[in-house]
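Colleague: Can you read through this structure? Questions will come right after.
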Amino acid sequence: ECAVLSDPRNAAFIVRLHFHDCFVQGCDGSVLLDDTIDLQGEKKASSNKKALQGFRIIDRMKNKIESDCPGIVSCADILTIAARDAVILVGGPYWDVPVGRKDSRTASYALADTNIPTADEGLISIISKFLYQGLSVTDMVALSGAHTIGMARCVN
């Protein structure tokens, strides 16, 4: 709550991070995994390079929750609830969030670069990526707007 109230742009960072998590392996927290010797995570994929502020916010939340209730709440649930609450804090709708997600122990740098739409992709390609996820063009428009919380800029 403090992160969003101190800077409403943080709501967009959190929603974007959740969106990117869900588009790779499902809403499993895999986007939050750090690289290890055996795992190249999704954090450094080109589509996630601008998500650093979102990672910092979620890491702070996870650290606070872990200090109060160690091992109880998954990172996947924290990210999902944080995205929902961020939307509410900037005037968006409430929706129920079922909890109990298990955190992924795997991540896919390659799928992050393949599945997540980018700003320089054509419309047909972006629509295809949403359809592949089982989402409609209407979903694409809503999620694209939510991802910026209504504040976007043209690059050209």
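Using N, Cα and C of the backbone, Cβ positions are placed for all residues, glycine too.
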Colleague: The disulfide recorded in TrEMBL for CYS22 goes to which of CYS2, CYS27?
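Modeller: Partner cysteine, according to TrEMBL: CYS27.
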Colleague: Please report the distance from the Cα of ASP28 (Ca(2+) 1 binding site) to the Cα of ARG16 (site 'Transition state stabilizer'), rounded to the nearest angstrom.
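Modeller: About 15 Å separate the Cα atoms of these two residues.
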Colleague: Other residues near the Ca(2+) 1 site, CB within 8 A of the CB centroid of ASP21, VAL24, GLY26, ASP28, SER30, GLU42?
Modeller: HIS20, CYS22, PHE23, GLN25, CYS27, GLY29, VAL31, SER104, ALA107, SER108
